[in-house]
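In Swiss-Prot this protein carries:
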MOD_RES   ALA2  N-acetylalanine
MOD_RES   LYS10  N6-succinyllysine
MOD_RES   LYS23  N6-acetyllysine
ACT_SITE  LYS23  active site, charge relay system
MOD_RES   SER39  phosphoserine
MOD_RES   SER63  phosphoserine
BINDING   THR68, ASP69, PHE170, ARG187, VAL235, GLN236, ASN262  urate binding site
ACT_SITE  THR68  active site, charge relay system
MOD_RES   LYS118  N6-acetyllysine
MOD_RES   LYS164  N6-acetyllysine
MOD_RES   LYS175  N6-acetyllysine
MOD_RES   LYS221  N6-acetyllysine
MOD_RES   LYS228  N6-acetyllysine
MOD_RES   LYS228  N6-succinyllysine
ACT_SITE  HIS264  active site, charge relay system
MOD_RES   LYS278  N6-acetyllysine
Amino acid sequence: MAHYHNDYQKNDEVEFVRTGYGKDMVKVLHIQRDGKYHSIKEVATSVQLTLNSRREYLHGDNSDIIPTDTIKNTVQVLAKFKGIKSIETFAMNICEHFLSSFNHVIRVQVYVEEVPWKRFEKNGVKHVHAFIHTPTGTHFCEVEQLRSGPPVIHSGIKDLKVLKTTQSGFEGFLKDQFTTLPEVKDRCFATQVYCKWRYHQGRDVDFEATWEAVRGIVLKKFAGPYDKGEYSPSVQKTLYDIQVLSLSQLPEIEDMEISLPNIHYFNIDMSKMGLINKEEVLLPLDNPYGRITGTVKRKLTSRL
């Protein structure tokens, strides 16, 4: 028999702002076998539930709590019975399950991150069951659904590291008594892309295709044409160009947030050794680093 404390006294000086609980980093590898041709999705999933009462906080009464171990088991079972066509669809399946199965669950938040496995391929021939880990951008999604509404779906790319050795500069910036940074017309530009976007609705969206399209736009606007590149006068301009092209080509996207750290590579001074280093040997610096962010959304008139 469950016991809980009944010595609660109302406190008029504090109130709840938000509550939630759940299970983080539930890892599964789902294998879809079509004869000898196998497809895989490996994911790490985190689930947060909000209940319609707070008796577990106020009284220590656990009678409404769905154990986090049950949440973990549910994620695994849904992977078995629903499969993982896309991580966004999988996250929506999790939201739908908890809202339809438990009347006292009023909000579900799901974060899913996909491990970047890529099928072995040689001369256009794809291997039937072998994959290689390719860290060229991690696909993640965040889905939140209230009992009274549709799911709100975000997808994103993170840990996409890119570098170019020229076609970037930084000039004309504000200078004061503390400025020591020289203007530069030509420099290395390196960053690790974090890009997250929101869908205006989740019906009839090919989430995998949209993710690949955004990733392609990021690479296109960063690198430019393969034979000559594209000049970047600032990290801010490159960030904005990615957003504008993404929203112009992908009508399913409502808004987009991007964060770009400016990862520095500095020329090593070899003059004390009697050598002139012409930007051939650079020193990578992990920190400190600049970080540039920006979020854009469609204007109301653009939706009409």
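Backbone N, Cα and C atoms are what each Cβ position is placed from, and that goes for glycine too.
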Item to check | Candidates SER63, LYS118, LYS175, LYS221, LYS228 (modified residues) - the one closest to GLN236 (urate binding site) by CA | outcome: LYS221
Checklist entry - Could you tell me the C-alpha distance between LYS221 (N6-acetyllysine) and LYS278 (N6-acetyllysine) in angstrom, no decimals? => result 27
Item to check | When distances run from the Cα of LYS278 (N6-acetyllysine) to each of the binding-site residues THR68, PHE170, VAL235, the nearest one | outcome: PHE170
Next on the checklist: At 10 angstroms around each C-beta, which of the recorded positions SER39, SER63, GLN236 has the fewest other C-beta atoms nearby?
Outcome noted: SER63
Checklist entry - How many other Cβ atoms sit within 10 Å of the Cβ of LYS278 (N6-acetyllysine)? => result 8
Checklist entry - Among THR68, ASP69, PHE170, ARG187, VAL235, GLN236, ASN262, which the record lists as binding urate, how far apart in Å are the two most distant Cα atoms? => result 52
Item to check | For LYS164 (N6-acetyllysine): intrachain residues, at least 6 apart, with Cβ closer than 8 Å | outcome: CYS188, PHE189, ALA190, PHE222, ALA223, GLY229
Checklist entry - Which residues does LYS118 (N6-acetyllysine) neighbour through Cβ under 8 Å, counting only same-chain ones at least six apart? => result PHE131, ILE132, HIS133, THR134
Next on the checklist: Quick check for the class: what is the C-alpha distance, in angstrom and rounded, between ASN262 (urate binding site) and LYS23 (N6-acetyllysine)?
Outcome noted: 34
Checklist outcome for this item: recorded positions LYS23, SER39, LYS175, LYS228, HIS264 vs ASP69 (urate binding site), shortest C-alpha separation belongs to LYS23
